[in-house]
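*Asks:* Submitted below is the structure of interest, expressed as structure tokens.
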Amino acid sequence: MAPGLARISLRSQLLPLVPLLLLLRGAGCGHRVPSWSSLPSAADSVQRDRDLQQSPGDAAAALGPGAQDIVAVHMLRLYEKYNRRGAPPGGGNTVRSFRARLDVIDQKPVYFFNLTSMQDSEMILTATFHFYSEPPRWPRAREVFCKPRAKNASCRLLTPGLPARLHLIFRSLSQNTATQGLLRGAMALTPPPRGLWQAKDISSIIKAARRDGELLLSAQLDSGEKDLGVPRPSSHMPYILVYANDLAISEPNSVAVTLQRYDPFPAGDFEPGAAPNSSADPRVRRAAQVSKPLQDNELPGLDERPAPALHAQHFHKHEFWSSPFRALKPRTGRKDRKKKDQDTFTPSSSQVLDFDEKTMQKARRRQWDEPRVCSRRYLKVDFADIGWNEWIISPKSFDAYYCAGACEFPMPKIVRPSNHATIQSIVRAVGIVPGIPEPCCVPDKMNSLGVLFLDENRNVVLKVYPNMSVETCACR
């Protein structure tokens with residue numbers, strides 16, 4: 001054989017062995033395989049997505065100190081996603097989160113969940129169990145064994161065995177124990193090569209538990225090995241998210257039912273004229289007489305100065321929210337005013353909202369400059385002003401707007417009058433039938449508002465309330 005052909009043949013035989021020679025260089029046959037955790041895996045891309053869930057970032061900063069846990073961060077991002085896209089969360093209007101309480105039973109961690117804060121009107125759509133999967137305990141990597149042969153050496157890599165699979169077990173706690181409760185479901189999990197957050201659909205488990213009235217559940221991640229009983233960090237505690245559709249959220253006064261935390265009628269403070277032993281009436285009491293501000297939604301005293309002591313007699317002492325509009329008091333001399341300022345300020349004993357006279361004067365001046373025809377007026381609601389800021393996480397305030405103005409004949413098209421409102425305004429203008437009021441300026445189109453708040457059990461809840469902000473007004 002020619003020398004050139006021999007060199008080409010030898011080169012073609014040695015070329016496949018180049019990677020193996022590089023592996024064995026410097027350590028012979030005793031070189032160890034890199035650990036599993038250092039090898040690239042397909043889960044790395046999933047890990048990058050999970051990092052968004054693990055790192056609080058700006059979302060946690062919005063929650064303030066003491067609330068920067070993974071559950072609150074996850075819920076805040078759902079809230080921000082709704083505000084950004086406008087799509088209902090999970091296809092419904094309610095998302096409830098439930099934190100776990102850790103206990104160690106038989107040297108194994110068991111997580112308890114109390115789901116009793118779910119309302120009967122909330123129809124469950126889906127439920128997910130979120131947990132942090134610890135990195136598996138891999139067996140030690142085997143060495144590389146090489147068997148020399150006559151012409152070339154062949155080496156075989158012995159990969160480590162796979163770790164044991166995890167079993168996620170759910171039980172109801174009708175017996176108040178984790179090991180004797182009714183088995184609700186179990187699923188096998190393959191631990192990922194690296195620690196990351198995972199989510200599993202447990203809709204059937206939650207729906208069955210609610211149908212049976214057993215909303216105290218336990219979850220256990222069983223690997224077959226005894227745990228040392230060392231609790232995991234609170235940032236890695238599992239939690240449950242329940243996506244639901246609240247069928248009662250469009251009912252009247254639904255926002256107060258879910259967000260109000262105290263009785264608007266203080267204990268021991270009775271309605272005028274009510275019997276001492278009469279039971280409290282949860283309905284809103286309204287005055288029999290109707291004052292002019294209730295007809296055109298304008299602030300009282302906009303057109304005329306009210307009488308000093310008779311202006312507030314049309315209202316009960318305590319409506320659901322007492323009227324924030326106080327009558328203007330007669331002007332006092334400078335000496336009397338100075339003497340009044342020197343008096344000691346005594347805070348009001350009532351929990352009902354009250355605004356000072358200067359605020360009302362500014363509001364009236366703004367309305368004097370606004371058009372008299374029915375239109376949308378600006379109104380910003382701050383939850384701190386009504387005492388709800390202690391449990392509402394976001395938003396702190398929102399633009400509610402309101403409708404006010406006259407619906408006089410002839411009504412322009414800009415006020416979008418209904419046919420009935422048009423006929424009513426004509427009958428009033430003709431004056432054949434006495435006592436016919438003007439059509440009312442009311443909201444026509446309204447927008448929803450997502451509210452992130454803490455329920456009575458300090459669980460973070462996201463609800464999308466309809467008809468919270470006025471978009472357009474019309475005469476009706």
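Cβ atoms are placed via backbone N, Cα and C, with glycine included.
Note that this is a predicted model, so its numbers are computed, not measured.
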*Asks:* Could you tell me which of Cys155, Cys440, Cys473, Cys475 is bonded to Cys407 by a disulfide, according to Swiss-Prot?
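*Replies:* Recorded partner, per Swiss-Prot: Cys475.
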*Asks:* At the Cα level, what's the spacing in Å between Cys403 (disulfide bond) and Cys374 (disulfide bond), rounded?
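*Replies:* Computed Cα spacing between Cys403 (disulfide bond) and Cys374 (disulfide bond) is 7 Å.
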*Asks:* Can you tell me how far the Cα of Cys475 (disulfide bond) sits from the Cα of Cys441 (disulfide bond), in Å?
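*Replies:* Computed Cα spacing between Cys475 (disulfide bond) and Cys441 (disulfide bond) is 5 Å.
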*Asks:* In whole Å, how far does the CA atom of Asn467 (N-linked glycosylation site) lie from that of Cys473 (disulfide bond)?
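*Replies:* With distance taken Cα to Cα, Cys473 (disulfide bond) is 13 Å from Asn467 (N-linked glycosylation site).
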*Asks:* Do you know offhand how many angstrom separate Cys407 (disulfide bond) and Cys473 (disulfide bond) by C-alpha?
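*Replies:* With distance taken Cα to Cα, Cys473 (disulfide bond) is 11 Å from Cys407 (disulfide bond).
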*Asks:* Could you check which of the disulfide-bonded residues Cys374, Cys441, Cys473 is the closest Cα neighbour of Asn114 (N-linked glycosylation site)?
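*Replies:* Closest candidate to Asn114 (N-linked glycosylation site), judged by Cα separation, is Cys473.
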*Asks:* Cβ atoms within 10 Å, counted per site: which of Cys374, Cys403, Cys407 has the most, among these disulfide-bonded residues?
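*Replies:* Sorting the candidates by Cβ neighbours within 10 Å, the top entry is Cys374.
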